[in-house]
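Quick look at what TrEMBL annotates:
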type    : residues           : note
DOMAIN  : 39-74              : domain 'EF-hand'
BINDING : 52, 54, 56, 58, 63 : Ca(2+) 1 binding site
BINDING : 91, 93, 95, 97     : Ca(2+) 2 binding site
């Protein structure tokens with residue numbers, strides 16, 4: 001399954017375009033722009049599985065660096081500061097990785 005099977009291709013393009021400049025990425029805004037915050041729990045889980053490149057059940061810092069490229073091949077790499085800010089915003093137990101439950105919570109908060 002590809003991300004465009006869950007999210008609208010135009011919305012993905014717009015979300016990636018919005019954060020083209022270094023230090024402009026905001027995970028919450030990105031989730032809203034690409035439409036993830038409006039998806040069902042099953043759809044969020046499908047997206048999470050695609051983003052979990054090593055299939056560990058978590059998204060680690062190394063995977064976050066290439067987050068935008070999972071949406072659009074050739075997109076820029078997140079800066080170290082953006083990667084750490086994303087991890088900090090989503091790593092609720094400070095274990096250095098993001099689980100599916102946290103992504104569900106982030107999306108649920110944004111949809112209200």
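One is the number of the first residue shown, and numbering goes on along the chain from there.
Backbone N, Cα and C define each Cβ position, glycine as well.
TrEMBL: automatically predicted annotations, no manual curation.
When Cβ-Cβ distances below 8 Å are used as the criterion, the domain 'EF-hand' (39-74) is approached by residues 1-3, 5-7, 12-13, 15-16, 19, 25, 80, 83-84, 86-87, 96-100, 103-104, 107 of the same chain, each at least six residues removed from its ends. For residue 52 (Ca(2+) 1 binding site), the nearest of the binding-site residues 91, 93, 95, 97 in terms of C-alpha separation is 97. Residue 93 (Ca(2+) 2 binding site) is surrounded by 9 other CB atoms, counting those within 10 A of its CB over all protein chains shown. Mean pLDDT, taken over the domain 'EF-hand' (39-74), works out to 93 on the 0 to 100 scale.
Residues of the domain 'EF-hand' (39-74) grouped by DSSP class, helix first, strand second and coil last, total 21 helix, 3 strand, 12 coil.
In the shown protein chains, 17 other C-beta atoms lie within 10 A of the C-beta of residue 58 (Ca(2+) 1 binding site). Taking only the Cα positions, the spacing between residue 56 (Ca(2+) 1 binding site) and residue 97 (Ca(2+) 2 binding site) is 10 angstrom.
Nearest to residue 63 (Ca(2+) 1 binding site) in space, judged by Cα atoms and limited to the binding-site residues 91, 93, 95, 97, is 97. Apart from 91, 93, 95, 97, the Ca(2+) 2 site neighbourhood in this chain, defined by C-beta within 8 angstroms of the site C-beta centre, holds 58, 92, 94, 96, 98, 99. Those residues of the chain, other than 52, 54, 56, 58, 63, with a C-beta within 8 angstroms of the mean position of the Ca(2+) 1 site C-beta atoms are 53, 55, 57, 59, 60, 97.
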